[in-house]
Amino acid sequence: MTAKDIFFDTDARAKLKVGVDKLANAVKVTLGPAGRNVLIDKKFGAPTSTKDGVTVAKEIELADAVENMGAQMVREVASKTSDVAGDGTTTATVLAQAIYREGLKNVTAGARPIDLKRGIDRAVKEVVAELKAISRSISSKKEIAQVGTISANNDPEIGELIAEAMEKVGKDGVITVEEAKGMETELKVVEGMQFDRGYLSPYFVTNSDTMEAELDNPLILIYDKKISNMKELLPILEKSAQSGRPLLIIAEDIEGEALATLVVNKLRGTLKVCAVKAPGFGDRRKAMLEDIAILTGGTVISEEKGYKLENATLSYLGQAGSVSLDKDNTTLVEGKGASDAIKARINEIKGQIEKSTSDYDTEKLQERLAKLSGGVAVINIGASTEVEMKEKKARVEDALHATRAAVQEGIVVGGGVALIRAIKGLNNAQADNEDQKIGIEIVRRALEEPLRQIVANTGTQDGAVVLEKVKEGEGDFGFNARTETYENLVEAGVVDPTKVTRSALENAASVAGILLTTEAAITDIKDDKMDMPAMPPGGMGGMGGMY
């Protein structure tokens, strides 16, 4: 077992504080509209320029092991806030640094860390309640655009794009961010349900200009196994041909004789037909086939349910207004499924999302939800250089997360003012002893820090003066760091999602509390000999040690 170094008491806390400060100081320069960029060196390719707090935090690794532990604890604040709310990572880092700094002074002066932590936790609970009380819900396109603009570092183009995307696909719709081929940033909306499988043979194409297969008012056969034998497919083909409507076949695979027969009949004009592989794999494929069946009002023909392909009737087939397929994607528009069944399926998927513990599963469930509830919007990011493209893409993703958070829990006044207004909630915080009172006061002081930092980043204003003026005002009155004026911030479009502000405070207090109650830090002893590269062997094999 490797030998360990142990640091106790003030030694441990002092080193942890150095790590906390190094990371927080690098992150907090990005806060607010006047925040600066941070350049991050990459081993390969050009350096990355970012104004995103969590991106900066994730890149920081310190040489001293105890300092690094402090830095990593604060990095956790940024990461957790990003995961939960998608934005507010810099605010969370600033709050964590402030709570730890103020708390450490009191621990060094003899306060009991555990009581400080209890006081901090009680204070945070009251502040969160106050934030919820002053929160207001949003619904209009203009309000959504304001949130997106602020989170994208005051880029109104991005705010407008996100608002337009949400308007078109709904708040449950999937909005994805991709890199464009050109310099223009644009929004593309795919109506209906789209999945990433294209036609099985180019001979199914009906429009040779666009190389797409287009089926109007088709019947849709959904089968969960491979089809290789024409005999089992023939009865349902004959029935659909008699109906005079095109047929789309979705199956695990269609091969051999079955595929060849379909192609020949399509080319002769005997059948209007197209075949496509089912999307997904394993259990996810079964779920997606069921989604398609519910959306189109059909039935998944599955032997597990007791259905056989050769016995299928027209009542088993789904229907849609139109279907278009290219070599990569299939899009179903105007599925004819019962709206009650679709709503029930949507609610079932929402329930699965709430219970899901895996980020990957949650993402896939949200994609399925969006496909059922109205479509997919794609924001294609254009830029002159790759560095600019990556930076802009990160900002759009941040803005998208923040906008979703705003739709969920509403908005509060931005610019650090909501935390100042929420200070009055501390009047309700109960303390059992003097140290808990100090914990409450620590939070009172820390809540001022984001506003101080936003002002400091302007480089032209005094944080203490601005803070006092904001405290004298009421409601939405605050300091707009972009225009360096005092005004009604909500009317000026300076707003933050309540979820972002709440998550930032809760996560900051949680990690700062753990750091304050830390009494020892244990690290591996660094052995310089272990770090040296191995000596190259002397000479070559069979050369008698010659060089």
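Every residue gets a Cβ built from N, Cα and C, even glycine.
Checking the candidates Lys15, Lys51, Lys437 against Swiss-Prot: the one annotated together with Thr30, Leu31, Gly32, Pro33, Asp87, Gly88, Thr89, Thr90, Thr91, Gly415, Asp496 at the ATP site is Lys51. As stated in Swiss-Prot, the feature region 'Disordered' covers range 528-547 out of the listed 148-167, 308-327, 528-547.
The maximal spread of the ATP binding site, taken as the longest Cα to Cα distance among Thr30, Leu31, Gly32, Pro33, Lys51, Asp87, Gly88, Thr89, Thr90, Thr91, Gly415, Asp496, is 17 Å.
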